[in-house]
Amino acid sequence: MASHIVGYPRMGPKRELKFALESFWDGKSTAEDLQKVSADLRSSIWKQMSAAGTKFIPSNTFAHYDQVLDTTAMLGAVPPRYGYTGGEIGLDVYFSMARGNASVPAMEMTKWFDTNYHYIVPELGPEVNFSYASHKAVNEYKEAKALGVDTVPVLVGPVSYLLLSKAAKGVDKSFDLLSLLPKILPIYKEVITELKAAGATWIQLDEPVLVMDLEGHKLQAFTGAYAELESTLSGLNVLVETYFADIPAEAYKTLTSLKGVTAFGFDLVRGTKTLDLVKAGFPEGKYLFAGVVDGRNIWANDFAASLSTLQALEGIVGKDKLVVSTSCSLLHTAVDLINETKLDDEIKSWLAFAAQKVVEVNALAKALAGQKDEALFSANAAALASRRSSPRVTNEGVQKAAAALKGSDHRRATNVSARLDAQQKKLNLPILPTTTIGSFPQTVELRRVRREYKAKKVSEEDYVKAIKEEIKKVVDLQEELDIDVLVHGEPERNDMVEYFGEQLSGFAFTANGWVQSYGSRCVKPPVIYGDVSRPKAMTVFWSAMAQSMTSRPMKGMLTGPVTILNWSFVRNDQPRHETCYQIALAIKDEVEDLEKGGISVIQIDEAALREGLPLRKSEHAFYLDWAVHSFRITNCGVQDSTQIHTHMCYSHFNDIIHSIIDMDADVITIENSRSDEKLLSVFREGVKYGAGIGPGVYDIHSPRIPSSEEIADRVNKMLAVLEQNILWVNPDCGLKTRKYTEVKPALKNMVDAAKLIRSQLASAK
């Protein structure tokens with residue numbers, strides 16, 4: 001009986017790692033304190049998997065920030081600006097790369113495939129001096145062994161590592177990252193040799209880029225790299241793990257004929273087509289790691305369906321060569337259902353978090369080996385049946401309204417330039433108008449008030465009074481800074497998705513269902529279990545209150561349907577786009593109520609539109625079509641003079657710019673400040689964009705305060721490719737995670753930069 005877990009969440013059941021990291025970063029605890037929390041978390045995870053009967057337990061999937069950054073450290077590929085001079089990489093250099101420091105900015109962060117996790121992008125070029133500079137993989141293997149647990153060390157595979165990297169600043173964009181394989185493989189050999197010496201018998205190399213559309217020369221790089229590693233790998237069982245999608249036929253052929261590899265792991269939840277490839281031919285005598293338990297959602301596994309898939313595979317690869325696994329690392333799901341005391345029993349019976357998924361994997365492996373736990377299997381069947389028939393899941397009215405959307409395109413009545421004219425008459429903004437993205441810093445005091453109100457320790461009256469005071473403070477600050485379009489700062493909101501989900505039907509919430517987004521930052525995705533509708537207005541009360549405090553335009557702030565969808569755990573019993581249309585109709589009601597309430601600028605954030613893009617090009621058009629349509633549904637009914645903004649984050653826009661234009665927003669603000677203005681290159685290449693646009697002028701993810709000269713310099717770079725009458729000036733994301741001591745000077749410098757350039761443009765006229 002063989003079971004395997006691809007990877008496990010690092011944060012801990014109660015976010016222990018998050019608090020340890022932040023305490024260390026704030027100088028409140030030592031490196032030793034941090035290492036102790038980390039070691040305790042690792043040991044409890046290993047012991048838990050071992051106790052559940054897991055045969056293949058991963059090590060080195062723990063990270064203090066990110067597994068790709070761990071690989072960068074292992075390879076000694078530290079960009080020169082961090083002043084690394086050799087030797088074992090310590091936490092100071094490691095965290096400087098991740099977060100920047102007082103004198104140099106952080107490395108770029110980007111989406112890990114189509115998940116909501118972010119990795120730190122390696123910056124590589126011909127000059128990089130690779131060296132074996134972090135022994136973490138070996139140290140963690142030994143640490144587990146000392147606890148009596150024999151683990152499978154996990155490394156990011158060499159080809160995926162290079163293909164997930166970017167050319168460093170100053171390196172020709174056409175530089176072939178794969179040309180660095182001969183430089184990094186010797187280090188992989190050193191690591192593998194040390195792991196063998198330490199007693200490892202299995203090793204896992206994650207090569208998830210194999211599920212992407214890869215050109216022939218990239219596939220050949222796999223063949224070459226593994227041939228080069230073959231002699232070092234001999235004597236080890238080697239698993240090459242893939243996840244997040246089915247694997248293309250060509251890549252499957254390359255993967256299954258790699259030298260030195262004994263086992264292949266596939267995501268059979270998002271990659272059902274891979275089953276056909278396996279049925280058509282699987283290499284004799286090799287292991288198949290079958291990812292049948294979903295690592296990216298929180299629904300209980302359908303044991304009967306999984307078992308029949310596994311039995312079919314067993315007939316192909318043989319009983320002793322089939323291993324039951326998760327579809328991907330459990331990093332992307334919540335940690336443990338045991339900590340959910342508030343969820344009602346019915347919904348709880350439909351769910352499985354990481355700890356439960358470990359149990360599911362082992363239950364399936366046992367059943368496959370003829371030791372089926374009948375009680376567990378019948379409880380599973382009963383839970384699935386209750387979910388299928390529950391009246392909480394289906395709402396006829398919503399189903400009808402969503403079905404009725406099919407006939408229309410949902411576009412606004414006039415084109416964007418006519419709308420912008422109508423809006424300017426009403427809003428009377430200067431050129432290069434300044435605004436912020438929405439949230440302002442959330443102080444300890446503010447979080448306390450919200451928490452106490454939730455716990456019913458504070459009356460509604462006192463709560464409203466406290467939030468009103470906070471909004472007033474934020475409005476006054478923005479007026480004092482002379483910002484043109486204001487926000488209310490969102491003091492009443494915990495999270496941009498959760499806040500709305502709590503007010504929509506069809507959503508459930510967890511107390512501890514946290515998932516790592518980047519570094520110490522975690523999100524708590526809502527669970528969409530049923531049809532979605534909006535019982536009553538959600539934001540009008542606060543937005544109207546904020547607008548009454550100022551004569552300047554106050555933005556209404558909503559999260560768009562695609563982002564709510566992509567940042568939630570979504571029901572898996574109907575297509576995602578159907579759920580998205582339901583959410584769009586709920587947000588449409590809210591947009592129209594805000595307009596009636598006197599709000600003339602309404603921002604509908606679609607931060608996550610790009611990250612829902614399927615990994616395969618052949619599936620892009622369908623996704624973009626329904627995603628963009630969902631956005632248009634929300635605001636197709638407003639007047640021309642109502643200005644619709646949207647905001648997008650951390651992504652590569654250039655490949656979807658035409659879909660972004662098709663969203664037909666009046667103004668779009670974009671997070672781009674860590675991406676070296678790659679964004680602007682699309683406009684340089686002649687894409688015509690007629691709506692308002694505000695590429696972020698400074699990075700809010702770093703505590704650094706940019707000078708007004710630096711901001712003015714960025715704005716001028718933007719003016720080189722964008723018309724001055726459409727350019728907005730704004731930070732790149734919300735300010736919730738920053739401190740006021742950082743926000744005030746940064747915004748002052750931003751407004752000063754805008755005014756400086758306005759006066760330069762006026763005198764140039």
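Placed from the backbone N, Cα and C atoms, the Cβ positions cover glycine too.
Bear in mind that TrEMBL entries carry predicted annotations, made automatically and left uncurated.
As written in TrEMBL, here are the features:
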type	residues	note
DOMAIN	3-315	domain 'Cobalamin-independent methionine synthase MetE N-terminal'
BINDING	K18, N116, R521, C522, W567	5-methyltetrahydropteroyltri-L-glutamate binding site
DOMAIN	432-755	domain 'Cobalamin-independent methionine synthase MetE C-terminal/archaeal'
BINDING	I437, G438, S439, E490, D605	L-methionine binding site
BINDING	H647, C649, E671, C733	Zn(2+) 1 binding site
BINDING	H658, D662	Zn(2+) 2 binding site
ACT_SITE	H701	active site, proton donor
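Positions of the features from TrEMBL, shown on the structure.
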| residue | record | Cβ contacts under 8 Å, 6 or more apart |
| --- | --- | --- |
| K18 | 5-methyltetrahydropteroyltri-L-glutamate binding site | M11, G12, W514, S520, R521, C522 |
| I437 | L-methionine binding site | V487, H647, T669, N730, P731, D732, C733, G734, L735 |
| G438 | L-methionine binding site | V487, G489, E490, M496, K555, M557, Q603, D605, H647, G734 |
| W567 | 5-methyltetrahydropteroyltri-L-glutamate binding site | N116, M496, V497, V523, P525, A608 |
| C649 | Zn(2+) 1 binding site | A607, A608, E671, D732, C733 |
Within 10 A of the CB of C522 (5-methyltetrahydropteroyltri-L-glutamate binding site), the number of other CB atoms across every chain shown is 17
Sort out the sequence-distant neighbours of S439 (L-methionine binding site) for me: same chain, 6+ apart, CB within less than 8 Å of its CB, listed by position.
-> V487, G489, E490, R493, M496, G734, L735, K736
C733 (Zn(2+) 1 binding site): tally of other CB atoms within 10 A of its CB = 26
Which site among R521, H647 has the most other CB atoms no more than 10 Å from its CB, taking these as binding-site residues?
-> H647
Around the Cβ of the residue listed as 'active site, proton donor', other Cβ atoms within 10 Å, all chains included, total 22
L-methionine site, defined by I437, G438, S439, E490, D605: further same-chain residues with Cβ within 8 Å of the Cβ centre | T436, V487, M496, M557, Q603, H647, C733, G734, K736
Identify, in sequence order, the residues in the chain of D662 (Zn(2+) 2 binding site) that are 6 or more apart from it along the sequence and have a CB within less than 8 Å of its CB; answer 'none' if there are none.
-> V628
Including all protein chains displayed, how many Cβ atoms other than that of E671 (Zn(2+) 1 binding site) lie within 10 Å of its Cβ?
-> 24
Cα-Cα, the residue listed as 'active site, proton donor' versus H658 (Zn(2+) 2 binding site), nearest Å, comes out at 28
Within 10 angstroms of the C-beta of E490 (L-methionine binding site), what count of other C-beta atoms is obtained when all protein chains are considered?
-> 24
Listed in sequence order, residues with CB under 8 A of H658 (Zn(2+) 2 binding site) and six or more positions away | V687
K18, N116, R521, C522, W567 bind 5-methyltetrahydropteroyltri-L-glutamate per the record; greatest CA separation between any two, in Å, is 20
Of N116, D605 (the binding-site residues), the residue whose Cβ has the fewest other Cβ atoms within 10 Å = N116
